[in-house]
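Undergrad: Got a structure for you, written out below as structure tokens; questions coming shortly.
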Amino acid sequence: MDVHPDLEPIAFLLGRWEGAGVIGYPTMESANFGQEIVFGHNGKPFLTYQSRTWLLDAEGAKVRPLSTETGFWRIQPERQIEVCLAHPTGIVEIYVGEVVFHKIELRTDVVARTTTAKDYNAGHRLYGLVNGNLMYAYDMAAMGHPLQSHASAELKRAGDFDE
Ligand code: HEM
């Protein structure tokens with residue numbers, strides 16, 4: 001199926017990505033994690049998005065699942081973008097941002113939480129294609145702390161999207 005022409009600014013994301021990164025925050029121990037991200041499409045002007053992560057041990061072997069998130073990346077005119085993400089932790093986020101060549105900067109416009117979700121208030125994400133790899137840095141404001149780094153990772157292309 002042809003990729004919708006409006007998706008051209010973010011078509012570089014399409015496919016399966018695998019890699020590793022680091023998490024940390026003032027409330028927790030830092031750790032290494034593995035990650036798989038899949039960006040897909042169905043011919044309409046949005047990308048489907050799914051991310052899964054695992055805790056890695058010192059040898060780089062998977063220990064147990066960590067976070068997962070799923071959503072839609074909605075391209076808009078003038079290289080603006082809206083991203084809707086849902087988390088199993090009772091958090092839903094709407095990001096807005098801009099695509100500049102192979103760099104995408106996103107800030108939360110709205111965060112909603114279930115009554116039992118943790119005290120998460122805002123997120124900022126910077127994605128970039130660097131030497132063919134997908135790199136990102138994620139900052140969050142949560143648990144009474146101001147916006148600061150929670151995760152960053154570098155992923156290699158591990159397959160094309162085929163549907
Ligand atoms: C690569 C992605 C991510 C990984 C691997 C990851 C992993 C972790 C881990 C291992 C913790 C330590 C405590 C726990 O297990 O609950 C944690 C804490 C936390 N994470 Fe993430 N996380 C990721 C992304 C996110 C995102 C996108 C959000 C918000 C939507 C988020 C919100 C939080 C919050 C609020 C805490 C603080 C918990 C506390 O201090 O009690 N995380 N994260």
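Using N, Cα and C of the backbone, Cβ positions are placed for all residues, glycine too.
Automated prediction, rather than curation, is the source of TrEMBL annotations.
In case it helps, TrEMBL gives these features for our protein:
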- Thr27, Lys118, His150: heme b binding site (BINDING)
- 6-157: domain 'THAP4-like heme-binding' (DOMAIN)
- 15-21: motif 'GXWXGXG' (MOTIF)
Undergrad: If you count the other Cβ atoms within 10 Å of each Cβ, which of the binding-site residues Lys118, His150 comes out on top?
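TA: Going through Lys118, His150 one by one, the largest Cβ count within 10 Å is at His150.
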Undergrad: Within 8 Å of the Cβ centre of Thr27, Lys118, His150, which other residues of the chain have their Cβ, at the recorded heme b site?
TA: Tyr25, Met28, Tyr120, Met140, Ala142, Met143, His145
Undergrad: Please list, for the motif 'GXWXGXG' (15-21), how many residues fall into helix, strand and coil according to DSSP.
TA: 0 helix, 7 strand, 0 coil
Undergrad: What is the pLDDT of the domain 'THAP4-like heme-binding' (6-157) when averaged and given as a whole number?
TA: 98
Undergrad: Do any residues at least six apart in sequence from Thr27 (heme b binding site), in the same chain, have a Cβ closer than 8 Å to its Cβ, and if so which, in order?
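TA: In sequence order, Met143, His145 meet the Cβ cut-off.
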